[in-house]
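The feature [4Fe-4S] cluster 1 binding site is assigned by TrEMBL to CYS19, CYS55, CYS93. The [4Fe-4S] cluster 2 binding site feature in TrEMBL is assigned to CYS171, CYS175, CYS178. What TrEMBL records for 10-130 is domain 'MTTase N-terminal'. Feature annotation from TrEMBL assigns domain 'Radical SAM core' to 157-389. Among the features that TrEMBL reports, domain 'TRAM' is placed at 392-454.
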Amino acid sequence: MTNASLPNARKVFIKTYGCQMNVYDSERMADALGASGYVETKEMAEADLVLLNTCHIREKASEKVFSELGRLREMRAERREAGGDLMVGVTGCVAQAEGDEIARRAPVVDLVVGPQSYHRLPEIVARARSGEKVVDTEFPPEDKFSHLPAASREATIARGLTAFLTVQEGCDKFCSFCVVPYTRGAETSRPVADVLAEARRLADAGVREVTLLGQNVNAYHGLDATGRPMGLGELCFRLADIPGLSRVRYTTSHPLDMDDGLIAAHRDLDALMPYLHLPVQSGSDAILKAMNRRHTAAQYLAIIERIRAAKPDMALSGDFIVGFPGETDEDFEATLALVEAVGYASAFTFKYSTRPGTPGASMTDQVPEPVKAERLARLNAAIAAGTARFAQSCVARTLPVLIDKKGRNPGQVGGRSPYLQAVHMDGPERLIGQIVPVEIVAVGNNSLKGRIVTRVEPGSASLVA
Ligand code: 5AD
Ligand code: SF4
């Protein structure tokens, strides 16, 4: 019998903030709690346990947690008045960074669990249920992944055709604006066998596309069965051998870890999608130095050139921060020039946000808010123009699209191009799960419109009835 069919099973609601790794972690937490009798619910109102899986990367992300905790305090008071109760936990990077302060400031919180302790969640929840307030933000020496239960086949099927898979965690780069090395700790890679076993389970449950996750994923160096470290490029080849897994992606990467093995994989491995998220943060050498990025703009452009020589149709994406301390108009112009030079297919842009404990926080020449806002608007316009140009360049091309959902209207389906663009088209629902050739006919709002190409291969049935 599954937990879902137990009428009196306790219910957990997990609210996820921030990056894709938190999405993955929330699934692992649900799996861990599932093994100890909790059923996941999508309705906060019916939960016995609410977990906020938080993000600390920028101030705004962190602040959201405290306003949500305010609402949960009211919800708990109402429950108690009605004779019920509610348990509340904070997990993720805010938990790691501000664990003790949360416990002090927010009495509604029963448990605080950092990202390296998720395998202990069932035990921590049990202790909290008996009235203890638990704060666990240790970086334990054991490997949490080997202690976390695998998702059930049922849960994996319910999560759909595409899945995240964490292969690497933590970061040793210490960019001067970033909290990640403090919240996620030192860089570690999961062993190759573990990654392959998890990927096989995903494929067995029907997953067609896997996105490998890591804060510095291209620094992956997991050990193989002989104890030799394997790079991300070779790992992608091994994953592509798994029957059913047709597409591999990875995010997010550091320019200095873009090694020859990974570039060769982009050249030689069709299953490795031609989309690369390679943050640069700024186009100014002075700012890159102050950010401790350890590369110049010219070095970044040279890396892009090597990648494009190997894979000419690579769609590039990036992250940018405007208004880092000391950024002048000239520095910002250099960022715009770099955007033009690269020709990004998409990018994420942020105003610099001071993070406590990072070197950037104590830099004196902070940029005024209105200047940041103006630069952000100009950068966004440049990025949007590039995205539109890239989308337009896809029109009249026939791209393999992984159909992964029903469309907005009956008789329509939606999917993803190799470049991670959303594509909508007419087509029968039974195509969901297949990769079909689609001619791009128009560019819509944040998506492409396509037409399924009926291609009858000799000796095979027609793809579309
Ligand atoms: N302020 C603004 N943006 C930040 N990022 C990381 N730290 C900060 C900060 N303090 C951005 C970077 C990173 C992305 C995940 O978030 O661009 O690549
Ligand atoms: Fe943060 Fe990425 Fe820099 Fe690491 S490489 S410190 S995760 S921005």
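Glycine is treated like the rest: Cβ placed from N, Cα and C.
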Rounded to the nearest angstrom, how far is the Cα of CYS93 ([4Fe-4S] cluster 1 binding site) from the Cα of CYS178 ([4Fe-4S] cluster 2 binding site)?
12
Across the domain 'Radical SAM core' (157-389), what does the mean pLDDT come to, as a whole number?
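Mean per-residue confidence for the domain 'Radical SAM core' (157-389): 97 out of 100.
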Give me the Cα-Cα distance between CYS171 ([4Fe-4S] cluster 2 binding site) and CYS55 ([4Fe-4S] cluster 1 binding site), rounded to a whole Å.
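CYS171 ([4Fe-4S] cluster 2 binding site) to CYS55 ([4Fe-4S] cluster 1 binding site), Cα-Cα distance: 16 Å.
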Less than 6 Å between Cβ and the nearest atom of ligand 2 is the rule; apply it to the binding-site residues CYS55, CYS93, CYS171, CYS175.
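Checking each Cβ against ligand 2, the ones under 6 Å are CYS171, CYS175.
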Going by DSSP, how much of the domain 'TRAM' (392-454) is helix, how much is strand and how much is coil, in residues?
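Within the domain 'TRAM' (392-454) the tally stands at 6 helix, 33 strand, 24 coil.
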Check each residue in the chain of CYS175 ([4Fe-4S] cluster 2 binding site) that is at least six apart in sequence and keep those whose C-beta is under 8 Å from its C-beta; list them in sequence order.
GLN281, MET291, ASN292, ARG293
Should we count any of the binding-site residues CYS55, CYS93, CYS175, CYS178 as near ligand 1, judged by a CB under 6 A from one of its atoms, and which?
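From CYS55, CYS93, CYS175, CYS178, counting a Cβ under 6 Å from ligand 1 as near, the near ones are CYS178.
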An 8 Å radius from the center of the CYS171, CYS175, CYS178 Cβ atoms defines the neighbourhood of the [4Fe-4S] cluster 2 site; name the other residues of that chain inside it, in order.
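So the extra residues in range turn out to be LYS173, PHE174, PHE177, VAL179, VAL180, PRO181, GLN215.
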Among all the protein chains here, how many other CB atoms are within 10 A of the CB of CYS178 ([4Fe-4S] cluster 2 binding site)?
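By my count, 21.
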